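Quick look at what TrEMBL lists:
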type     : residues : note
ACT_SITE : B:Cys89  : active site, nucleophile
ACT_SITE : B:His197 : active site
ACT_SITE : B:Glu199 : active site
DOMAIN   : B:15-213 : domain 'Glutamine amidotransferase'
Amino acid sequence: MALTKRIIPCIDVDLDEDGNAAVYTGVHFEDLQYTGDPVEMAKAYNDAGADEFVFLDITASAEGRETMLDTVSAVADECFIPLTVGGGIRTKADIKETLRAGADKVSITTGALERPELINEGAAAFGSQCIVISVDARRRYDEEGEHYVEVDGESCWFECTKKGGREGTGIDVIEWAREAESRGAGELFVNSIDADGTKDGYDVPLTSAVCDAVSTPVIASSGCGGPEDMYEVFTDAGADAALAASIFHFGEYTIREIKEYLDERDVPVRL
Amino acid sequence: MPGETIAEETIADVVVVDYGLGNLRSVTRGLERAGAGVEITDDPDDFAAADGVVLPGVGAFREGMENAGPYREALANYAAAGRPLFGICLGMQMLLGSSEEAKHAGEGDVEGLNLIPGTNVRFDVDRKIPHMGWNELAVTRDHPVVAGVDGEYAYFVHSYYALPDDDDAVVAESDYGASFPAVIANERGNVFGTQFHPEKSGETGLRILRNFVDYCADG
């Protein structure tokens, strides 16, 4: 009897040409491709045995916001598993309206980097359990970081980026993870700009460094190409949950197949 | 939605107490899916006509009890009448007499509803806190709400857990470094709660909500 490792499908949602919410998934946070209807996908993942569901609103526009909250509600109505919603959350009011729309947790990236007090405010008002701090990390090989790891014989640090990797901040991911935790973050969601969309596996050194730095649960994201990558990030990095998008959307693997693979290798999962 | 006639299939009328905390939408949808007619209410006078009352909740114990203060008497009367009262997560913790959480936060003692004697204590294990995720249920004694869920998984997120004074109040346990109560009930059986979120626990959670709705219908 044990707490299980979580397998989490994620959808990126944008508005289509007609202004309706639609699922997109990309490579390196660019080149978005249309893949489906968010509510149908949520329902399918719920039925397929997903442990949670993550919905990222990538419109980042005012006009998109209202459509997205309606979509969050429609998704929540079909989702009897925890639902995390991220994208464009910058104020306590944004957190509140997202939770009211039916999200169980909110994922915050830029809003927290720009005003870290948002974490304290959100945790105080709604509880740490619903405040997920998301980092979009990028490897840097210069001298400006604080915490270095050896990767393939080279020393690198991880920088927090904004706007899906398009803008650097100079902030060291490890420092930020610790600060976010001390301010009341309930979970950390670790994306890798380097690994995103590659299907070459999660950024294990990154995930491992964050897991070692904090005691809140860590969700590994970016780069999953199959069950062996999830196995690696659970056993080598110590992640609590693993997120994937395209391998599920395009039907390369079912959640069941992934869980059976992990179960056979003694990783605790909910089957 | 046109064509959906949920009302015709309703087997019990349940009220969900809206005391200003938490995501009521998912618990409402879960109960509806389980066959209940659901009314969200902030009026204690609505309890009397209901077949069952659900006390949901996420957040901190002190804030929960402050917000639930106006419902204290109505909930006590409802429970004393032997009618079904179901606490979920913080709502379950509030059924007890006190919590270390308020003390831990430097807020002194905060009195719970005290419908199941005991206190809520913080996990004292070498594991990540909060306990967050899917964990297995081990049913330790019969109660209608846990029928058919022994060995199944439920979704938890909490740092404190209920420790009833009476061991017999424990209906199901789970394990996180040490075993802890996952479902508790009073001696009469009509006041009970789950530490996990049945509305977020997939099919197992829906089974528990159906058990609850059936129990309300039988009452």
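From the backbone N, Cα and C atoms, a Cβ is placed for every residue, glycine too.
Remember, TrEMBL labels are computer predictions, not curated facts.
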Including all protein chains shown, what's the count of other C-beta atoms within 10 A of the C-beta of the residue listed as 'active site, nucleophile'? 27
Counting across all protein chains, other CB atoms within 10 angstroms of the CB of B:Glu199 (active site) number 32
Spatial separation of B:His197 (active site) from B:Cys89 (active site, nucleophile) - C-alpha basis, Å: 6
Across all the protein chains here, work out how many other Cβ atoms are within 10 Å of the Cβ of B:His197 (active site). 26
